[in-house]
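To start, the structure under review is shown below, and the notes come after it.
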Amino acid sequence: MALRKTHPLLKIANDALVDLPAPSNISAWWNFGSLLGLCLATQILTGLFLAMHYTSDIATAFSSVTHICRDVNYGWLIRNMHANGASFFFICIYMHIARGLYYGSYLYKETWNVGVILLLLVMMTAFVGYVLPWGQMSFWGATVITNLLSAVPYVGNALVQWIWGGFSVDNATLTRFFAFHFLFPFVIAAVTVIHLLFLHETGSNNPAGINSDADKISFHPYFSYKDLLGFIIMMVALTSLALFSPNLLGDPDNFTPANPLVTPPHIKPEWYFLFAYAILRSIPNKLGGVLALLASILVLMLVPFLHTSKQRGLTFRPLTQILFWTFVANVIILTWIGGMPVEHPFIIIGQVASFLYFLLLLVLSPLAGWVENKALSWA
């Protein structure tokens, strides 16, 4: 028998990457899981090389990033790949979640819930990472977002000062954020293994949403090569962005060193957090906004329990398809609103879009599933 099937270590890899039975009809939407693995590996690698030259001290952090870009061999490339790699990470994660929502993959509850935890970890990692260059938006973003914890009743202020390590965002804050930013990707890698462990208990879902045991093919060579094609497409796109317009998705304010005495005119996070930021801002109450922000992500954990349809995916459900694409459009609108100033008409658009975000997920989708069941029973 082949060594890969008998060796204690190799057989784990073999069962996950070589002899894994996979549905023969899974589309390119099933590529994003492996792409996220590639993103994580790329981010850890580029991040490691950046950490070799970065200093987590408020006096030198900004200069050390400048030094990386100017003086370190290919430092500019490593930094641009890392910064834009984060954007690609989130593009892939949102596509991966959208695929899960569309095809009913969330019915694998353990896999789905571990996935939501992974999303929270990635968001947390990206947030602390954005603070590290110690530019204006780094500093003020850290100040604004950590300040939200002061909305927690009774312990809020103590909590904020505990996280800051003082009475404001200062050196202690930057140092601990660097420590967290270095640590979390390895935690993410560990949780990813758990995510895969649960997935391999059930096997992959497929676009038809039906049992595929009768028609399985081996992961290698079919999907290993399919994943490789995905890798090539993504890496070409990432390197193109990093080489041709590395600052396209960044904020110009972050080219100015952090200054606690000057507040930027518009404080906003990176594009991938704007939808949640818009939901946060749409509620004119601090605690309410914080709860809505949390709910915007945690609502995903409720999705499996709100599945009413007799069918798994949306492939043959035109009514819910309309709701799904409305939801996608709505998230895009929220992303746009999150980057806009708090003034008319953006305030009301943001409030309507935020309301619609929760309405679509919690009320309309389960309702549509029920209606479709009724329609099927009449047919």
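Every residue, even glycine, has its Cβ placed from backbone N, Cα and C.
Non-local neighbourhood of HIS82 (heme b b562 binding site): GLN43, THR46, GLY47, LEU50, each in the same chain, at least six residues away, with C-beta under 8 Å from its C-beta. Per Swiss-Prot, heme b b562 binding site is recorded for HIS82, HIS181.
Neighbour list (HIS96 (heme b b566 binding site), Cβ cut-off 8 Å, at least 6 residues apart, same chain): PHE32, GLY33, LEU36, GLY115. Taken from Swiss-Prot, the feature heme b b566 binding site covers HIS96, HIS195.
What Swiss-Prot records for HIS200 is ubiquinone binding site, and it gives similarity to another entry as the kind of evidence. Counting Cβ atoms from all protein chains shown, HIS200 (ubiquinone binding site) has 14 others lying within 10 Å of its own Cβ.
Per Swiss-Prot, transmembrane segment is recorded for 32-52 (among others).
What Swiss-Prot records for 76-97 (among others) is transmembrane segment, and it gives similarity to another entry as the kind of evidence. If you look at the transmembrane segment (76-97), the same-chain residues 6 or more away from its ends with a CB under 8 A from one of its CBs are 29, 32-33, 35-36, 39-40, 42-43, 46-47, 49-50, 65, 68-70, 115, 119, 122, 126, 129, 234, 237-239, 241-243, 246, 249-250, 270-272, 300.
The transmembrane segment annotation in Swiss-Prot covers 112-132 (among others) and is backed by similarity to another entry. With a cut-off of 8 Å between Cβ atoms, the residues of this chain six or more beyond the transmembrane segment (112-132) that come close are 54, 56, 61, 65, 86, 89-90, 93, 96-97, 100, 105-106, 138-139, 141-142, 145, 173-174, 177-178, 180-181, 184-185, 187-188, 191-192, 194-195, 198, 269-270, 272-273, 297-298, 300-301, 303-304.
The transmembrane segment annotation in Swiss-Prot covers 177-197 (among others). Remote same-chain partners of the transmembrane segment (177-197), defined as residues 6 or more beyond its termini with a Cβ less than 8 Å from a stretch Cβ, comprise 16, 36-37, 40, 43-44, 47, 51, 54, 56, 111, 114-115, 117-118, 121-122, 124-125, 128-129, 131-132, 142.
Positions annotated as transmembrane segment by Swiss-Prot: 225-245 (among others). Residues 28, 31, 34-35, 38-39, 42, 77, 80-81, 83-85, 87-88, 92 of the same chain, all 6+ positions outside the transmembrane segment (225-245), place their C-beta atoms under 8 angstroms from a C-beta of that stretch.
Sequence-distant contacts of the transmembrane segment (287-307) (same chain, six or more residues past either end, CB-CB distance under 8 Å): 97, 101, 104, 106-107, 109, 112-113, 116, 119-120, 123, 148-149, 151-153, 275-277, 279-281, 354, 357-358, 361-362, 365-366, 369. Summarising the annotation, Swiss-Prot assigns transmembrane segment to 287-307 (among others) and lists similarity to another entry as the type of evidence.
Positions annotated as transmembrane segment by Swiss-Prot: 319-339 (among others).
Per Swiss-Prot, transmembrane segment is recorded for 346-366 (among others), and the stated evidence type is similarity to another entry.
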- Item | For HIS181 (heme b b562 binding site), nearby residues of its own chain (Cβ under 8 Å, 6 or more apart in sequence) | GLY47, THR125, VAL128, GLY129, LEU132
- Message: List every residue in the same chain as HIS195 (heme b b566 binding site), at least 6 positions away in sequence, whose Cβ is under 8 Å from its Cβ.
- Response: THR111, VAL114, GLY115, LEU118
